[in-house]
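Annotated features, as they stand in TrEMBL:
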- 1-441: domain 'Major facilitator superfamily (MFS) profile' (DOMAIN)
- 14-37: transmembrane segment (TRANSMEM)
- 57-78: transmembrane segment (TRANSMEM)
- 85-104: transmembrane segment (TRANSMEM)
- 110-130: transmembrane segment (TRANSMEM)
- 142-164: transmembrane segment (TRANSMEM)
- 170-188: transmembrane segment (TRANSMEM)
- 254-278: transmembrane segment (TRANSMEM)
- 290-310: transmembrane segment (TRANSMEM)
- 317-338: transmembrane segment (TRANSMEM)
- 350-374: transmembrane segment (TRANSMEM)
- 386-406: transmembrane segment (TRANSMEM)
- 418-437: transmembrane segment (TRANSMEM)
Amino acid sequence: MTEKAVFSPFIKQCYVCATVCMNVLSNGCAYGFPAVLLPQLKLPDSPIPLTKAQESWIAAVLTIAMMVGNFTMPILLGKLGRKNSHFFVLIPITVGWLLIIFATNVEMLLAARIMHGLSFGQVVPIRAVMIGEYTSPNNRGAFLSMNAVAQISGIFVVHLLGYLVSWKTSATICITFSVISFVMTFIIPESPSWLASKGRYEESKKHFEWLRGLKENDELMELIQARIDYRENENRSSFKEIIYKVEFYKPITITLHISLLGYMSGGMIIAVYGPTIISEVMGTEVDPQFWLVSIDILRILTSFSAVYFMKKFNRRTVTFTSVGLCLAMHVAVVVYIWLVKFGVMYHVYWIPAVLLHLQSFSVSAGIVPIITVIAGEVFPLAYRSLGISFSTAIATAFHFVILKTFPYLVTMVGIEGVYGINAVVICYCMIVCWFMMPETKGRTLQQIEDRFKGIEKTVEEAEPLNELAK
């Protein structure tokens with residue numbers, strides 16, 4: 001870290017974002033892989049025949065392993081730091097791809113999915129923590145949104161590969177993303193926030209200035225002063241005491257409802273059960289793989305526009321506009337299916353095609369990006385890794401239930417019933433977020449933390465920060 005910077009702070013932050021996103025891209029491929037694997041294993045000449053129960057476990061076991069990853073991440077982030085933890089997260093995803101490449105039976109596939117789930121459970125907290133701490137407030141929302149772009153791009157890439165090549169060849173290509181991310185991680189510095197939390201203020205200052213330059217020293221001073229105050233008044237709280245702190249339970253509540261919005265909006269379900277949903281809504285005469293790739297392309301294009309939305313508009317504006325559109329599309333799908341079922345209108349495949357594409361647009365334009373953005377912004381530094389991991393673990397339990405029960409719900413209540421249930425839950429989450437979610441755009445992480453605590457610094461209280469800077 002030299003005095004004279006070769007690259008601008010923005011370029012350095014872009015590099016950090018690209019490093020994390022390459023890891024997220026590989027995990028996105030892993031998440032969408034069942035939509036490639038299962039149809040090919042159902043073919044008559046399949047080398048690994050599957051039962052229906054085995055199919056559902058291959059799709060859903062990832063979420064169980066995710067919970068293990070969620071709970072191990074706070075320990076890793078706290079003990080190893082952000083950079084070394086990122087190295088660690090890349091191990092299970094790589095092992096998972098290798099198991100798939102050399103798989104000869106169902107057990108190896110399940111083991112691979114478990115490794116993928118462990119990695120996915122770990123990457124969800126660390127991607128929000130790293131990009132939230134490494135980037136400037138003005139660009140943080142856009143950088144955090146790139147996580148969603150990377151995840152959706154990974155799903156698209158694996159779906160496209162599955163359309164063109166075998167599932168083993170797809171896995172061989174996907175593992176390269178993890179290798180690239182591993183190599184890129186060597187160059188990034190340690191998080192200034194983590195260094196400050198360990199009392200290593202000089203290193204924190206040096207790494208902060210490498211990442212941000214000299215124009216954002218106010219945030220650095222806020223961060224260091226907050227950590228000095230915390231360490232001076234540090235009182236080891238039990239987990240029970242922590243969860244009753246307003247700066248912990250409010251972000252947890254907000255994040256859980258935002259995450260539940262993401263799952264019930266259909267984005268994740270389409271990634272795994274896309275062919276089934278398309279056939280149920282659009283009819284069995286259409287080619288589900290073609291329409292799935294079409295939806296994936298739209299999601300990628302929309303994800304890039306979401307980066308602009310996060311940069312241009314307030315978080316609440318993006319959230320409630322996209323959620324409102326998604327809710328309307330769910331209701332429209334239910335109404336359309338009922339009208340066709342009761343003979344009020346004839347089935348016209350392009351109508352549900354438009355509805356599914358608009359649903360996917362709403363998910364990619366605001367709902368999926370806002371999950372990562374809010375998770376990366378609302379938790380205080382002292383409980384950031386714990387809070388993100390704890391909320392992600394609970395959300396993962398929701399995720400498992402949704403994926404595991406989806407095939408059975410379709411059989412019991414039909415696809416229109418599933419969309420109706422989702423619409424009710426989306427409406428509930430929307431109401432909760434309306435009253436609880438603060439506006440975080442343009443605020444530093446320390447300012448957001450202080451707001452949850454009810455702290456507003458006066459000019460006089462800010463003076464010691466200027467003295468500390470000297």
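Including glycine, each Cβ sits where the backbone N, Cα and C put it.
Between the transmembrane segment (110-130) and the transmembrane segment (317-338) there are fewer than 3 Cβ pairs closer than 8 Å, counting only pairs 6 or more residues apart in sequence, which means the two stretches are not in contact. The stretch in closest packing with the transmembrane segment (170-188), judged by the count of Cβ pairs under 8 Å and taken from 85-104, 290-310, 386-406, 418-437, is 85-104. Non-local neighbours of the transmembrane segment (14-37) in the same chain are 7, 58-59, 62, 86, 89-90, 93, 96-97, 100, 109, 116, 119-120, 123, 126-127, 130-131, 134-135, 143, 146-147, 149-159, 161-162, 167, 170-171, 174-175, 177-178, 180-181, 184-185, 187-188, 211, 268, 271-275, 292; each lies 6+ residues outside the stretch with a CB under 8 Å from one of its CB atoms.
Away from its own ends, the transmembrane segment (317-338) comes close to residues 258, 261, 265-266, 281, 306, 309-310, 344, 351-352, 355-356, 358-359, 361-363, 365-367, 369-370, 414-416, 419-420, 422-423, 426-427, 429-430, 433-434, 437 of its chain (Cβ-Cβ under 8 Å, at least six residues beyond either end). The predicted model assigns the domain 'Major facilitator superfamily (MFS) profile' (1-441) a mean pLDDT of 85.
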